[in-house]
Amino acid sequence: MPQVEDNVGHQVELERTEVAAVVALFDDRLAETRAQLVGTLATPADGAAEAYERDLAAERLAREVRRLEGAEGGLVFGRIDLADGTALRIGRLSLQREEDELPALVDWRADAARAFYEATPVHPMGLRRRRHLRLAERTVVGLSDELLDGSEPTAEDVVGDGPLAAALQERRTGRMGTAVATLQTEQDAIVRSSHRGVTVVQGGPGTGKTVVALHRAAYVLYAFPRAAERGVLVLGPNARFLDYISQVLPSLGENDVILATCAELAGPLLGLNGDGEAGAGRAGGAAGAGGTAGAAPGAVVGSPEAARLKGDAALAEALAAVVRGRQAPYGGFTVRVGKEDVHLGEAEVAQARDAARTNGLAHHRTRGLFKELLVDAVTSALAREAAETLERIDAEVEALTGLDLDRFAGADPRNLGLEGDPADTGPKFDMDAMRAELLDDALVERTVEELWPHLTPGAVVDALLADPEALAAHLPGFTAEQHGVLLRTPGAPWTDADLPLLDEAASLLDGPPERTFGHVVVDEAQEFTALQWRMVLRRCPGRSMTLVGDFAQAGPATTARGWHEALDPHFGGRFDLRTLTVSYRTTEEILATTRELLARIAPDQAPIGSIRHGEEPRTREASPAGLTDAVLAEVREQAAAHPGELIGVVCPDASVPALTEAGVTRHARLLPASEARGLEFDTAVVVDPDAITAARPGGDRDLYVALTRATKRLCTVVVREG
Ligand SMILES: Nc1ncnc2c1ncn2[C@@H]1O[C@H](COP(=O)(O)OP(=O)(O)OP(=O)(O)O)[C@@H](O)[C@H]1O
């Protein structure tokens, strides 16, 4: 049909000219901002205040340059034509020519762009046509139209294959790309939701939960300036996953986002060093999205059973009890003032402790109050004693001489060399000076330290976990066997599961962390334990969050089986729960083979459908001794048959060394089943499913994750005896 092709060519040509003008405008803006940055940096500053102002301005401009640079690829991707003939181009940011009334480019998050995502033939939202543009570098190379008002296509419309189909056909690269041009209506409704509190998104594998979460973060930064001021934190399950998603937000023009695992969040805070396993394997990509939360925390991986127990909310209460137990639990307080010992009895000390605690501050701040109250009590005791001594002298003098000393002093105690308010009935000393002196006194400080010591988070956690008696006393709901699992050797390396405990202890000692965020995204949120939720909440005082996950994919540390069970203790049921229903990754054929498994691990979950179709999943058999060779043969064959495509080999964690040794990584990405969550490949090779299932508690959910990673084909290598 040469006529149609000519027409497509003509329309592409027209768009090319129009888009080139938008790109030129963008280039001007970028060049202008870069020039401003150079100019600002070169401006001499007269004094520290000016230098500070200049550096702030430079920082703002540098951020803007980064934002523009991030948006450059795929700057323009859509166009909407309204029924009245107005056309708007949709892209990664807004651009406006001064002389024009209409914007040259509308940011995809702006209200004006809403119809691009939400209009359907049933609800055209005033649109006649939605056009998707395909760009190579900065040039339009293709387009496709959807007519929404029921009109017949004219010579100016190019109605063809949907852009989503084209996007999904693309080969996997090992890095998630943005879906900004093809967000689907059910996804867009969540991304653009005006709900400012907690939004929870559930859905089966590949339904776009991560896509939605990241685009939602970009939307929040755009639409809610208050949240944007304090920045966005994206939490993911491991470094591999963060690396996989690290480019999405920068490509949406958002660089000021912190990507981290929960462990990384706690690690730097506690000053742990970065030579451990957690956080390893990050290819530096995450830094592209504004950097991670800091160095890898130097923690090792503990057992799943310990992780599950250490995530229990009872541990938070136990740590609080440990800290309370270190706050003047018993005993009086004696301090030497001059030549005299002043003693406060146990009841007086307890009164000071209870009064200090009423303000609800953390241990060290409360310690300061406690010390002040003790010093107040000592000062009052001294004042009382001085007054009594004086009265005694008065009485003795009067008895001996018949002189009334008060009258003699003209009712002003200063006449007797004592400070005091003339309105007071009794004499006083300089209370303030005495107080200040006592607060500064090294001996007083030492005595307070015995009653209410300075503590470190590590010492608090050790006081619980390294002491069998403390475990039994503070965790009465746990069995002796569970106490045994929790018991640790003091000084042993911290595990990943200890980090939320250390963070909890840090907050008990010094209050919530200084760095907080306006919005927090949690991916694979089903993995989070109660202690981890507490960590997240401490960092998001505004409670603006997007949490996405799937309980059928929960790891071994998860005890909850649904959102309300997991979240109600922390959010009191106040969250907006949305469900995604269509898989854009896992093919219908692969989903069909996992349905039985899904029914077993999550009987309440409705199976999802997929818009993808692919090959029937295959099984390859191997003898126990021949497993490694069989995997190697499979990846070699796949690599030869589908050059350039991404192959992922998901194996039992224990098989990683042998498969690496055999050279599997020359042809494929190799990952332990425990770290496959959220990732995807063109082809997935799942090694020894029985061993994956048996490897750790909840292993059948690990297997479900492994089986749902492929966009095209799945091969399972099973072990057969004999
Ligand atoms: N609207 C869309 N346009 C284009 N691609 C999409 C869209 N939605 C999802 N995808 C693609 O589908 C795949 C799966 O998406 P995503 O990883 O967000 O799913 P998920 O629900 O988080 O999966 P999992 O449960 O396995 O973590 C990705 O390749 C993603 O880019």
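A Cβ is built for glycine as well, from the same backbone N, Cα and C atoms used for every other residue.
Note that the structure is predicted; figures quoted are calculated from it, not measured.
Per TrEMBL, the features are as follows:
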BINDING   GLY203, GLY204, PRO205, GLY206, THR207, GLY208, LYS209, THR210  ATP binding site
DOMAIN    182-587  domain 'UvrD-like helicase ATP-binding'
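Taking the centroid of the Cβ atoms of GLY203, GLY204, PRO205, GLY206, THR207, GLY208, LYS209, THR210 as the ATP site, the other same-chain residues with Cβ within 8 Å of it are ASP550, LEU580, SER583, TYR584, ARG585, ILE608. Listed in sequence order, LEU580, THR581, VAL582, SER583, TYR584, ILE608 are the same-chain residues six or more apart from THR207 (ATP binding site) with CB atoms under 8 A from its CB.
Per-residue pLDDT, averaged along the domain 'UvrD-like helicase ATP-binding' (182-587), amounts to 83 for this model.
The Cβ of GLY203 (ATP binding site) lies under 8 Å from the Cβ of LYS209, ASP550, THR579, LEU580, THR581, ILE608, each of these being in the same chain and 6 or more residues away along the sequence. For the binding-site residues listed here (GLY204, GLY206, GLY208), the lowest count of other CB atoms within 10 A around the CB belongs to GLY208.
Take the CB of LYS209 (ATP binding site) and look out to 10 A: across all protein chains shown you find 26 other CB atoms. In the shown protein chains, 25 other C-beta atoms lie within 10 A of the C-beta of PRO205 (ATP binding site).
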